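Chemist: Handing you this structure, nothing more for now.
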Protein chains: 2
Amino acid sequence: MSDPIDFYFDFGSPYGYFASLRIDELAAKHGRTVTWHPVLLGAIFKVTGMKPNLEQPLRGEYLTQDVGRIARLTGAPFTFPDSAPANGVAASRAFYWLADEHPEQAKLLARAIYHAHFGEGQDIGPADTVAEIAAKTLGSLGIDRAAVTAAIQDPAVKDRLRSEVDDAVERGVFGSPFFIVDGEPFWGWDRLDMVDRWLATGGW
Amino acid sequence: MSDPIDFYFDFGSPYGYFASLRIDELAAKHGRTVTWHPVLLGAIFKVTGMKPNLEQPLRGEYLTQDVGRIARLTGAPFTFPDSAPANGVAASRAFYWLADEHPEQAKLLARAIYHAHFGEGQDIGPADTVAEIAAKTLGSLGIDRAAVTAAIQDPAVKDRLRSEVDDAVERGVFGSPFFIVDGEPFWGWDRLDMVDRWLATGGW
């Protein structure tokens, strides 16, 4: 029972952002680690026929209000990005470029990208922006802008992201955030308390 | 700040069912009452372009697993109905037929219908079934099957349901359950703890 928890998220998902601020600490409380998996909801929605929340009448307006309320409740830094929903392709590729060899650096980068996007309201879609965030966050570890920019265009990295998205769909992931805990799927930021309880009790 | 809490739900929604088992007690804890509003997600989805969860690939399977898990967690009687998603038109009309003059009877009826559907797995779509549940639940109060059957076909009752659904859309309701607390909207069974906190604190 000591497998990592799988945490799926889209860089454009505010609920994924809120989950990213809590999931590792929650897991650590139960002696568990977390494997992060950025995915592309746009690609997943092609399978499920869903639409981005923001584009749905009524639900889009609700979402805007709801995420502000969650930010105030949890104290998370939050600025609703004008650019939402952001394109997470470049950010996700940069993540997977690092993920195998340097998983902790990949996670640092993901946190920095999420913070830039939902903490500060920056558009994190452009590859240049992702490269800049990566250089700022990981520069002391030898990561520079040129390397990140090249990685984002690397066919092997592109393939890796595609196969991660396919794997996620295969495992039933249809939204962000999505957690898989010892085979049990949980969808949504609002399932974190249930994940906590699942980890504490071993399920019910 | 003593207005009733508005609770919107569809009789075919399992999350609405779980919410129906908790919302009045939660409200009472804060000295508040609850006005129940059955609505038709089918009609609302025409506005929002959403599809029933059960019909969405991946999400439908997740839902089936998730509602069983919630039932086990909360101890709610639960049988996933073969007929899901049920057509809530007859049930909703029967509710509104009673709602103005006998709000407590309407609520009793709604609870009985939800119990028959999600507690016992009955199809509550047919008008006959609704009439039978109503007669069994409210017979001692003088409600018989013939009266309920007539009410379900009464043009005034039909109009009332239509206008309730229109009002709900007007107020931003796009899913079930949906709560409006002093103007603040909350969507989902998993927002009940937040509703509880909102009532305790007056909002944040």
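Even glycines carry a Cβ here, placed using N, Cα and C.
TrEMBL: automatically predicted annotations, no manual curation.
Take a look at what TrEMBL says about it:
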type	residues	note
ACT_SITE	A:Ser13	active site, nucleophile
DOMAIN	A:5-197	domain 'DSBA-like thioredoxin'
Chemist: In the predicted model, what is the mean pLDDT computed over the domain 'DSBA-like thioredoxin' (A:5-197)?
Modeler: 96
Chemist: To see if you understand the setup: which same-chain residues, six or more apart in sequence, place their Cβ under 8 Å from that of the residue listed as 'active site, nucleophile'?
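Modeler: For the residue listed as 'active site, nucleophile', the qualifying residues are A:Leu41, A:Pro85, A:Ser176, A:Pro177.
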Chemist: Tell me, by DSSP, whether A:Ser13 (active site, nucleophile) is helix, strand or coil?
Modeler: coil
